[in-house]
Amino acid sequence: MSKILIRGAKVLGGEAQDVLIDGETIAEVGTGLSAEGAQVVEAAGQVLLPGLVDLHTHLREPGREDSETVLTGTRAAASGGYTAVFAMANTFPVADTAGVVEQVWRLGKESGYCDVQPIGAVTVGLEGKQLAELGAMHDSAARVTVFSDDGKCVDDAVIMRRALEYVKAFGGVVAQHAQEPRLTEGAQMNEGVVSAELGLGGWPAVAEESIIARDVLLAEHVGSRVHICHLSTAGSVEIVRWAKSRGIDVTAEVTPHHLLLTDELVRSYNAVYKVNPPLRTERDVTALREALADGTIDIVATDHAPHPHEDKDCEWAAAAMGMVGLETALSVVQQTMVETGLLDWAGVAERMSFAPARIGGLENHGRPVSAGEPANLTLVDTSYRGVVDPAHFASRSRNTPYEGRELPGRVTHTFLRGRATVVDGTLA
Ligand SMILES: [Zn+2]
């Protein structure tokens, strides 16, 4: 294996240093390292981060390969600076058996762009009625530790309790899509001033908050660990903050789009802004940013949700929910968190690499940038400014809410175990 010398990068945004990669491992970190026998990547002024880890990606394979495959999704992930993604279970068939999670895991291994850790469904067919084979999925080659019915809420309190009890035995976690189903029947957008004006079915904050409140109490009751997907309201933040202060073992994520966009955009009736949970208000956005800054929200997760053109380019009510996010996540975080002074780059590394790897139990990702560690790295040109053009996406889908928007930062290099998956901003 060849040696690569990354020269003069600001490691985690700090002092400029050289990082020497030898084979799959970081061999040395320091200043004035010898370039002898190494390929040199000049990185002066750029920020070097541990490879990003996404706890919430929809890769769509098996079943919806028209919107994304494991290969196209992992290429999109590498472009966005990710070296590991957790693949959600709402595929066709649902990833609710050892067979399906092993299939996804194997496809990830073959892709070579980004590690894929499958998430197992909590219930059979995501139907919320009967626990899936959680133990068998954990014992499979895929070693599943994160379980989620994402896209749907595990709304039956007894099923949720049993799932929390079951995963506790092997240190797993249930990732809840918090959405009280009865309160959101026919909902099309956030319930508030804009939904009233547009006459669209509203999605009240309480539908999310009531499930989070219930689940942190259930986690406390059974002494297990719960993770809350895509927090979207100020009230959800308050509940998670309360739960953490009480010592409840809860972690939470926020998506880039909930850090930047509001329900005012729905006035355009452009279905690219239709997402679950919905875009909320400016007050919610502010609360989410503050919570991510102070650690109440542990991580940024993309909820990358590819949809083919025909499922989005239609009237609002008929459109599918979700937006792609892997290739723009870091830029949105730079704009909303770093350039606002809420987080430094070390904080970004914590929330987009260290913490998601820890929550998901990934041992070889989210590691410090130091000698002896796996060379999973992302190099970012933070001075770059560019307009988002989905035509350049590696994802098979184009449903981004940022088309035509200027965003800062560009991933110039991504390294997966010492191998460059992105070179000079282009997939290798
Ligand atoms: Zn979800």
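Glycine is treated like the rest: Cβ placed from N, Cα and C.
Automatic, uncurated: that is what TrEMBL annotation is.
According to TrEMBL:
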ACT_SITE  D303  active site
BINDING   H56, H58, D150, D303  Zn(2+) 1 binding site
BINDING   H58, L59, R60, N90, N276, H307  substrate binding site
BINDING   D150, H177, H230  Zn(2+) 2 binding site
DOMAIN    45-233  domain 'Dihydroorotase catalytic'
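Most buried of the binding-site residues N90, N276, judged by other Cβ atoms within 10 Å, is N90. Close contacts with ligand 1, defined as a Cβ under 6 Å from any of its atoms, occur at D150, H177 among the binding-site residues H58, N90, D150, H177. The 10 Å shell around the Cβ of D150 (Zn(2+) 1 binding site) contains 24 further Cβ atoms across the protein chains shown.
Taking the centre of the Cβ atoms of D150, H177, H230 as the Zn(2+) 2 site, the nearby residues of that chain (Cβ within 8 Å, site residues left out) are H56, M88, S148, G151, A175, Q176, A178, Q179, C229, N276, P277, D303. Taking the C-alpha positions, the distance from R60 (substrate binding site) to H177 (Zn(2+) 2 binding site) comes to 18 Å. Here H56 (Zn(2+) 1 binding site) is positioned 5 angstrom away from D303 (active site), judged by their C-alpha atoms. Listed in sequence order, the residues T57, M88, G151, C229, H230, A301, T302, H304, A305 complete the 8 Å Cβ shell around the Zn(2+) 1 site centroid, once H56, H58, D150, D303 themselves are left out. For N90 (substrate binding site), the nearest neighbour among the binding-site residues H58, H177, H230, judged by Cα separation, is H58. Cβ-based neighbour count (10 Å, all protein chains) for H177 (Zn(2+) 2 binding site) stands at 25. Cα separation, H307 (substrate binding site) to H58 (Zn(2+) 1 binding site), rounded: 10 Å.
A sphere of 10 angstroms centred on the C-beta of H58 (Zn(2+) 1 binding site) encloses 27 other C-beta atoms.
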